[in-house]
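Written out below as structure tokens is the structure these notes cover.
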Amino acid sequence: MSSTLRALLCLGLCLSQRISAPKQTLPKPIIRAESTYMVPKEKQATLCCQGSYGAVEYQLHFEGSLFAVERPKPPERINGVKFHIPDMNSRKAGRYSCIYRVGELWSERSDLLDLVVTEMYDTPTLSVHPGPEVTSGEKVTFYCRLDTATSMFLLLKEGRSRDVQRSYGKVQAEFPMGPVTTAHRGSYRCFGSYNNYAWSFPSEPVKLLVTGDIENTSLAPTDPTFPDSWDTCLLTRETGLQKDLALWDHTAQNLLRMGLAFLVLVALVCLLVEDWLSRKRTREQASRASTWEGRRRLNKHKDSEE
């Protein structure tokens, strides 16, 4: 019984500690570029890191290393901060991420954000064949040319700048497209680049007009696209209601943990009482048995003397 009791005590203590400990995780922050992730050379880039209310520190990381730190000043409790990157150049272009801290607890790292610097090289020219006005169901090819030798060309549709098509060539690259539908309508620009993060000036826009009644969405581009309006910083201040809800949620969690811990302690006390009663009954039985044995021996001794 004693070994079982010790095992139950250890289990109860472990459970009570796990119940009493708060969940040691924070939501992953969201990193965004304000206005656009394509920033002209020598202009300022602004990145937003959106975390949780009550965060005391935000860190911006560039290519895995610490780049900048921002600490929100009370009493303005907001759910994120803005990092300003002045004088954009090729050394500051690359992959960014952010984390934040509440008390001594750090969040997970955000997803990666690619920040691109533009206007690094000459301006390419963009054309489309067979022409800028086609019928739905036809195939078209965009041609991007940059007389300054490069290694990669990029084609973007205005309003969907995250849907980047890449093609490789020294002076010119082709971007075949189609069969086109009305979903392909819009203005396109191209860039030249030596890497993923330093691009040339944008070409003049070429507007593709698609006529016809075919509205087969299965022929539209399958890559995920994001409107440019997605690139915006949605930072909000904490309202009184949000504070009250957060306080109530924290209080409810503490009460739940305390209640569960109390139940565990009650169960342990019951086990201790049961063990004590069991030991007491065992001792009483042993005492009665010893007394009875003594009397039996005494009576036997008297009988032998007679």
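Positions of Cβ are set from backbone N, Cα and C atoms, glycine also.
Checking the candidates C10, C98, C144 against Swiss-Prot, the cysteine paired with C49 through a disulfide bond is C98. Between C190 and the candidates C144, C233, Swiss-Prot records the disulphide pairing with C144.
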